[in-house]
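Swiss-Prot annotations:
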type	residues	note
ACT_SITE	330	active site, nucleophile
ACT_SITE	427	active site
DOMAIN	249-435	domain 'GATase cobBQ-type'
């Protein structure tokens, strides 16, 4: 049976649309619906590669997990990844379409709208219920003509809309009323309810205000979602929640690169007992860390130059000499090498830049982007898995330091001879299997900290989605929402 699509739109960015959409996905999955997520256009440096080798935003991966289905490219047909110099890489249905100047977006608009509709039609054929998510504010009147992800999608899908507003940042009533007022009459008719998100306090004291806002906008408030401390992956690095340690366990420092991407690579480490994760904003922040991670980058050469100019290069080399564990992922792996060559100008005008020299690799960028899921093996024969998203190829200059290889011999990771500096192209390496847990337990053993056996990461995430679903059921009128999808 086919049901009417439901759409979550926001009064602003970071109001919690992605998480509420994930909660809806989990709710409908547990109710027995064949449900899938869809977001026409995502702007994010945080991406994932599907089994088919297609690149999509991670928010829809989280939502697909909540639905217990495999992520597919049609769940996020347009992904825009900002680069340096006001450039944006445009990914359409999982593949790189072009890199454009941000101001040329209008020229692509018609084509992108066609592709978004095509993807929606495809996903609608495969599933009975689609939970749609918008992007940013749905009432940006200067963007109405070029809108793809918000009311344009609601119209294409003929979806009813639930408006999500964030009370934690203040001004929630003005943002709700202002958003509704700025919509056209046709758009307002689609809005069938409001969810007030991130509420702190007792609901009974808030009820009178809810009734007042209903009187003003003539739309029901379906409930208030409380501010919660669940471990649900955030969409972008601006809102990342890192888990700080108590000074008695493992301290992991993430070097905060200006063009950092795929920050979710280290999320799973933060759930491990006695592990704290924090950003290193300056070189001194590395001094007390037990492990340093250099994450992925959307502009590796620029970030490498930043490390040199900010003093991070010297600090990282010193920490390496002192035996500290340093781990580079993707762009971080390339940065740890001897040299990066960009003869084709893939990233910009700089054609060559010396790396930190901590790993024996030379990286050459090329026009083709590698996007695929991988299964590989380390030196001890342990399986590691994840996905690749990168331009270029890194060639070992000392084969005795090869650390991770695929069965076909393709090198995906290196270490130094002292075996305290490691790098790999594999995103998600800490998520799958027990690689991350083994690494942390090795550190714990060295520091005389009790080792721990953690719950499987997939099971852990499912438990978090279940708790999120419980919060939704307890606080939001989901019977009303179910009536909407059956109307």
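Glycine is no exception: its Cβ is also placed from the backbone N, Cα and C atoms.
Keep in mind that this is a model prediction, so the values were computed, not measured.
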All-chain count of other Cβ atoms within 10 Å of the residue listed as 'active site': 25
Cα distance (Å, whole number) from the residue listed as 'active site' to the residue listed as 'active site, nucleophile': 7
Averaged pLDDT, computed only over the residues in the domain 'GATase cobBQ-type' (249-435): 94
Neighbouring C-beta atoms (10 Å sphere around the C-beta of residue 330 (active site, nucleophile)): 23
